[in-house]
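Straight from TrEMBL, the features:
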type	residues	note
ACT_SITE	Arg178	active site
ACT_SITE	Lys210	active site
ACT_SITE	His283	active site
ACT_SITE	Arg286	active site
ACT_SITE	His309	active site
ACT_SITE	Tyr318	active site, O-(3'-phospho-DNA)-tyrosine intermediate
COMPBIAS	1-10	compositional bias 'Low complexity'
DOMAIN	26-117	domain 'Core-binding (CB)'
DOMAIN	138-331	domain 'Tyr recombinase'
REGION	1-26	region 'Disordered'
Amino acid sequence: MSTDPAARGSGEAEARGSRGGRGAESALAAPFRRHLEHLAVERGLAANTLAAYRRDLERYRRWLEAHGVRAPADVDPGHVSGFLRALGTGEDGGRPLAVRSAARVLAAVRGLHRFWALEGLTPADPARDVHPPKPGDRLPKALPVEQVTALLEAVPVDTPAGLRDRALLEFLYGTGARISEVVGLDVDDVVGLAQTGDDGGQPVVRLFGKGSKERVVPIGSYAAAALDAWLVRGRPTIMTGVTRSTPALFVNARGGRLSRQSAWAVLKRAAERAGLEADVSPHTLRHCFATHLLAGGADVRVVQELLGHASVTTTQVYTLVTVDSLREVYAAAHPRAR
């Protein structure tokens, strides 16, 4: 056995290098993967939600590895708070995040550490007392009813694709559904349309929200008429000659399920035709659905159920929008308001 100090130092450095290289990365990767498997199997998170968690936690793992963390038990509150600061500045090599986005990432990190503590991988939870800065109230953007009407009516309905696009947008605004919920719908999820021969009452749709939670939402007359036109005159034309049938409610030109990206493109084209300058997204129509219901006198608890919010607190932000609108009207119209 060599007693040469230089050789011994070289061997120790090599050993440290092996511990800090591939092996170190895999040592952290396994506990991270274990948590993601828990989210997928035990909590049943949707694929898109799980992908967002994976991106956020991968950024955190890279931060820990860059700061010499080799195992879950090595993490201390300083690592977590340092990562939170880095999210805002981008010093970790990622894109700098706004307060709300950083809070979302921190929520994923806190969930990870709670899981590790419960599983006995760490003696304590180092993220428990790390809190994000409180963001200011940012109200959701909602278009006036006239602009929503212009948006919906900007879609020509003289082609099968046009019938689909009108039905898609009417459905988004008429139900307040998330875009991921809508593109995941099958024809059988809609009940009570005239074309099905089951028009004894108001049509409804079964929506599957976050965590595969199911809710039933009524479909208004405009959306129902647009869906009927799509299912009777549009969809069958597109599906003619398609060898592999699909149960999807909304399909693309090749007969496959319409993607989220294609649905976004439909809305963007309609907004351009309507001459809307506002930044409009599918979630904008969800905001409009909630805001217009509340402005019309709907109970916030009912709107909560229709939106599929787990907590009424999430829904109550829309009441701030309606109150804000009332303030504007009051300030402009009342002789003693100014």
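All positions are counted from 1 along the displayed chain.
Glycine too: its Cβ is placed from the backbone N, Cα and C atoms.
Note on proximity: among Arg178, Lys210, His283, Arg286, the active-site residues of the record, the Cα nearest His309 (active site) is that of Lys210.
In the three-state DSSP classification, Arg286 (active site) falls within a helix. Cβ neighbour count for Arg178 (active site) (all protein chains, 10 Å cutoff from its Cβ): 22. Spacing of Arg178 (active site) relative to Lys210 (active site) is 10 Å (Cα to Cα, whole number). A 10 Å cutoff on Cβ-Cβ distances gives Arg286 (active site) a total of 21 other Cβ atoms nearby, all chains included. Straight-line distance linking the Cα atoms of Arg286 (active site) and Lys210 (active site), rounded to a whole number, equals 15 Å. Taking the Cβ of His283 (active site) as centre and 10 Å as the limit, one finds 13 other Cβ atoms among all the protein chains shown.
Rounded to a whole number, the C-alpha distance linking Lys210 (active site) with His283 (active site) is 15 angstrom.
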